[in-house]
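Here the structure is laid out as structure tokens; the discussion comes afterwards.
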Amino acid sequence: MGYNGFQIGLVYTFVSLFGAFGSLFVGIISDKTKRKPFLVIYTVLLMIASLGMLFATDIYAIAIFSAFGSFGLGANGAAGPFSPAEQALLAENIKPNTRGAIFSLNTALGFLGMSIGSAFAMVFSFLKFKQNNLEYQLPYIIIFVFAILTLVLLLEVKENYRSKVAKSSLSNTQEQSVNKKENFNLLKLIGLNSINGLAIGLKGPLIAYFFAVRFGVGAKHIGLIFAITFLLSAILSFYTGKLSLRVGIIKSVFIQRLIGLVFLILLPLAPSYIIASIFYIFHQIFNRSSAGARQALTVSLVRDKRRGFAVSINSASMQFPRSIGPYVAGILFDASLFAIPFFMAAFLQGLYLIFYKKFFKDFNFPTE
């Protein structure tokens, strides 16, 4: 459609900010009501957004529909700003010591879906259409169809959560002590996510634009790489769940993110698209596959009655800094400074890894 890196970056910035505010709202309200209704609302919004993107050409309309559908965030198949309700609902009937495995499986299924979606986009790019931009519009029809299927399945899900729980058996002093401990853990999480979110914003949302302007490739090539990346991420996410049961969540996250960091540093140094895409695939699969384990840690930092709030804090503290990244990266890409955003992101993710292990290495998961 002819938009430059700066304009595309602004769209992603708006989507990230919308997601951050939405996560805070959903997390707080879902803890006081129920979680499932918010997932129903999100699915309906996704249907509306996918239909809207079929006809949107104006940059402002694209931004609004992208925000409603969480398009472009690479959210691992999660429910965008409604993920606090999703993760809290998922954690409801899962024992703490198995959350790493179950959340990793959930993440793996999300990546598998994203791989299939990328494959659809690639196939459409090979077809020749008389109507301009039709190959970019058809994927939204697929999104609409799968949103309908999601809604049908979601309506069958049973939720047992009740906001009006029995009065705590803890004394006021004990309750304050537990709240203080939970809040301190959340503060550490906010600090870590701020660093990680800014890094993701610098190197994530505009990666397709980077490949296009740096190596002159189109959707045919990029779609294939994305499909492979998400498929391998799904496989590795499944094994991350098993790894977390053996060595613990913190160690499994640290090992995989460290390997991913090495490939992030190498990515902007690649002399060709093939080599760059290989570095990108390895960076992404090791970086993304730890998402389920990190989600399991988040929901374990607090008690059930505060899980929606914890996930919303986790999401918002990442999305707000993340919204800055595409704006900065877009300016640097337009100035042909292609390597700078990746090196900045690598530095930040290195800091994130150091502090992640330091902050949570001694964290003990609750038994109930």
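Glycine residues also receive a Cβ, built from the backbone N, Cα and C atoms like all the rest.
Caution: TrEMBL annotation is automatic and unverified by curators.
Database features (TrEMBL):
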type: DOMAIN; residues: 1-364; note: domain 'Major facilitator superfamily (MFS) profile'
type: TRANSMEM; residues: 6-26; note: transmembrane segment
type: TRANSMEM; residues: 38-56; note: transmembrane segment
type: TRANSMEM; residues: 62-82; note: transmembrane segment
type: TRANSMEM; residues: 103-126; note: transmembrane segment
type: TRANSMEM; residues: 138-157; note: transmembrane segment
type: TRANSMEM; residues: 189-212; note: transmembrane segment
type: TRANSMEM; residues: 218-238; note: transmembrane segment
type: TRANSMEM; residues: 258-282; note: transmembrane segment
type: TRANSMEM; residues: 327-355; note: transmembrane segment
In the predicted model, what is the mean pLDDT computed over the domain 'Major facilitator superfamily (MFS) profile' (1-364)?
-> 85
Paired segments the transmembrane segment (258-282) and the transmembrane segment (189-212) in contact, 3+ CB pairs under 8 A | yes
Closest-packing stretch to the transmembrane segment (38-56), where packing means Cβ pairs under 8 Å, from 6-26, 103-126, 138-157, 189-212, 327-355 = 138-157
Spatial neighbours of the transmembrane segment (103-126) not adjacent in sequence (6+ beyond its ends, CB under 8 Å) are 74, 76-78, 87, 90, 135-136, 138-139, 142-143, 146, 218-220, 223-224, 226-231, 233-235, 237-238, 240-241, 244, 288-289, 291-293, 295-296, 299
What stretch of 6-26, 138-157, 327-355 shows the most Cβ pairs under 8 Å to the transmembrane segment (189-212)?
-> 327-355
Short question: which residues 6 or more past the ends of the transmembrane segment (6-26) have a Cβ under 8 Å from it?
-> 38, 59, 62-63, 66-67, 70-73, 80-85, 201, 205-206, 209, 308, 311-313, 315-316, 319-320, 322-324, 326-331, 334
